[in-house]
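Written out below as C-alpha cells is the structure these notes cover.
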Amino acid sequence: MSRFNRSTTGVPSASVSAAATPDTLLTVLSVDFLKSKDGPNRREHHTDAYFSDKLIVRRGQTFQMWIEFSRPFSPRSDNLQLQLKLEPIFSSSTGILISVPLVDVLEDGRWEMKIVEQKDKRVRLAVNTLPSASIGCYKVTVESFSPKGKLLFPCTPNDVYLLFNPWCEDDAVYLDNEAERKEYVLNSMGRIYYGTEQQIGTRTWNFAQFEQEILEACLFILERGQVAMTEWRDPVIVSRMISALVNSNDDYGVLMGSWKDSYEGGTSPTAWSGSGDILRQYYKSSGKPVRYAQCWVYAGVTNSVLRCLGIPTRCVTNFNSAHDTDLSLTTDIYIDDKLEIIKDKTSDSVWNFHVWNESWMTRPDLPAGYGGWQVVDATPQEPSQGSYRCGPTSVFAVRNGHVELKFDTPFVFAEVNSDRIYWQKKPDGSFSQVNVEKNSIGQSISTKAVGSDARVDITHLYKYPEGSAEERIAVERASRFGSKPTLYPSPTSNDVSVEFVMDGEGPRIGGDAKLSIVLKNRSSSQRTASLLCEVMVMYYTGVLKSTVKKDRIPLNLRPQETKVIPWTLQYVEYMNHLVDQGALNLAVTGRVNETQQILATQFNFRLRTPDLIISPLGDAVVGKELTVKITFQNPLSQVLRNVVFRIEGLGMQSVRMIAYGDVDKLATVTLTEKFVPTVAGSQKLLASMDCRLLTQVHGVADIVVKPK
C-alpha cells in the first residue's frame, strides 16, 4: 500500500499518432525555479526576507518557473505534468503526492499550470497552488510526455517550500490589513511585556523567523508532532500542535521549563533575547530540548515558529494572570479560622504576569463569529487532551464566557476573568464564601502596537469593562460550566424569551437596516431588565471585525406581555465599516432582575447588494454579433472608485474585464457589449462588478443561441 495520499486531476495521455509530430523524446535538460530573493517569485510572495536560497512561496498564489528541453515543446503533441511530493524526513508517517496538470486557462482553487511564454527550447510556466494545501517542503519532479514516451526529471535539491498566505483571501489565515500583515508576519523584532500591572517592563525580542535554518527548524518541529501531513493545511491543528511542541514536557519539544533559582546545565530564561539560537540549537541536536524557559521564552519561540510558517501571530502579556487548577473557573483561596491560607488546599495561583500568543485564523470548527484572534499558549501549565498545550482559544469566546467552545476556553477564561474567591473553613470541615474579588484578575492585557514600539492595551478584547452587567453575565455564564456550577445564584425561572424578526429578504446596502426584537413574558408577574444591543461587522468566514453600534434598552414587561421593539442601524452608522459580503452580527444580552435569568442571543444578517441587469438586444445566433446591455445602479451615497466589471460565459474562452473607473453616488451605469456566440443552445452570460466599497454584485442572463 502506498505511503502517500494522492491528489490528482488525471495523468495526461500522450498522443500515439506520429504524423506531423516530433520524432524524439521530450527530455528536460534543466529547471529554473526563479528562486532569487530579489526575483518576482520571492517578492510577490513576500518571502524575499528568508535567508534560504530555496524557492519559498505562499499557498493560493501563482509562482513561475522555466523548463529547458532537448527540443522545442510542441503544444499539439507534447504534454507536461509536475509531481509534488511532501514526505516525512524523520518519521514513517504518510506523505502527500500531488499531480499538477498543464491547462490552457488557470482557475482559482486548483492545482494547475499554464505555459505563459515559449522561447525556442524553453517554456515559462505559471503554477497555481491550492489556498488549502498542506504547508511544507515539497520535492518536485517534472514529467514530460511525447508520442515517443514519458520521462521523469527529479528537480532535487531544488525543493519548493509552501507556506500559509495571509495575503490570500481564500486562505484560513487571511488578514485584510497590510500594516498588520507587515507587523504580525514580516516583522522579525518585537516587544514582550513583563513585571506588574503598576510597573510594566518591556523587553525587545528577536523572533529571527527569516534567519538561516529557521524555516527548516520549524518544519522539523512540525514533523515531530506525529500528525498526518494532510493536517498541515489547517492552521487550527498546526497552531495547537506547535503549542505542544514548543515545550518539552511530554513530547521532547523545543524548550525545557524551569521556575527555580538554579539554571545549571542551561541558560537562564532571562538571558535569552531571541528565538534564533534556541531553534537552531534544537534543530542541529536533532530534537534535544533546550534549557531553560519561562513563559516569555515559550511565547517568543512560538511567535517565531508561527510567523515563519505564515500565520499572523503576536505576543500578549496578561497581568494578574490566574492559574485555575480545578476547572472551577474561579481562583479559589482557602483560609482557616485564623484567616491564614491553607497552602496544601490552595492550588490555584495568580501570576504577576503571563505571556502567551495570539494567532489570526478562521474557526470553521466553531459557530460563526469566533474566528479572528486565537490564544495559543506553549507554557506548560495544565494538560489538554493528554498533552501540555493550550489553544487555539477564541478570544471572542473568552470575552463572552462561552467556555463550552474548544479549545481550552475555560482555562483561558479563568486566566483573565475569574473571580478571586476566599473560602473559610467551618468547624464541621466544610467551607463557606467569605469574600469575592471581582476585578483583580486579568489587568492591562498588552501587546506591541502595529508599526511602532508603543504598548497597546487590549483588555477590552478579552472582557467587558469590570463590573459591567455584560462582564458579570459572562462570568456567571462561564461558571455554570465549571466544577462549581452553583457558585452564583441560578435563575429561579426562565420565563422571558427574546428573538429577532426580519422583514422579507432583509435590508439592502445603502439603506437603513431595520429589524425587530420580540420579547415575551410568559409569567404571571412583571419582569424588568436592561438589554445591551451590540452590532458588529463580520467577515463571511465568521470573524468579527469591529463594533458599529451599541444600545442599552430598558425593558419593562407586564405579565404575559409580548413586546416588539423596533431596531434600526442607519446607513451613516455602518457606511465606513463594512467588509466583504456586508455581513453583520447583532448580539443582545441582559439579565432579568426578578429571576436572575440571563438573556443572550445573536442574529447574523447581511445587507443585500443590487443585481446587475443583463439584457440581450435581439436574437442570439451562432456566428452573428449579439449586443448585450448591462445595467448597474450604485446604491451608496458614496463614489465607487476603480470599478471593474468581469463578463464570462456564452461560450467565451476567457473572462472579459472592463476597467470602468469611478461611478458617482447613486448613479446608474449602462454598458453595451458585443459578443459572437459560437455554440447553439441554452447558454448563460455572467457579469460581476467589483470595487473596494462594494462587493458581491453580480447578475446572470439565460440566453438561447439559435443555430445559423
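Cβ coordinates come from backbone N, Cα and C, glycine included.
Cβ neighbours of Cys295 (active site) (same chain, under 8 Å, six or more residues apart in sequence): Trp351, Phe353, His354, Val355, Trp356, Thr379. The active site annotation in TrEMBL covers Cys295 (among others).
Counting every protein chain shown, the number of other Cβ atoms lying within 10 Å of the Cβ of His354 (active site) is 25. The active site annotation in TrEMBL covers His354 (among others).
Around Asp377 (active site), taking its Cβ as the centre, 30 other Cβ atoms fall within 10 Å, counting all chains. What TrEMBL lists as active site is Asp377 (among others).
TrEMBL lists Asn417, Asp419, Glu466, Glu471 with the feature Ca(2+) binding site.
If you look up TrEMBL, you'll see 287-380 marked as domain 'Transglutaminase-like'.
Glu471 (Ca(2+) binding site) sits 24 Å from Asp377 (active site), taking the CA atoms of both as reference points. Taking only the Cα positions, the spacing between Asp377 (active site) and Asn417 (Ca(2+) binding site) is 17 angstrom.
Sitting within 8 Å of the Cβ centre of Asn417, Asp419, Glu466, Glu471, and not among those site residues for Ca(2+), are the Cβ atoms of Ser418, Lys438, Asn439, Ile441, Gly442, Lys463, Tyr464, Gly467, Arg472, Ala474, Val475. Each of the binding-site residues Asp419, Glu466, Glu471 was scored by other CB atoms within 10 A of its CB, and the lowest score goes to Glu466.
Sequence-distant contacts (6 or more apart, same chain, Cβ under 8 Å) of Asn417 (Ca(2+) binding site) comprise Val398, Gly401, Ile441, Gly442, Tyr462, Lys463, Glu471, Ala474, Val475, Ala478.
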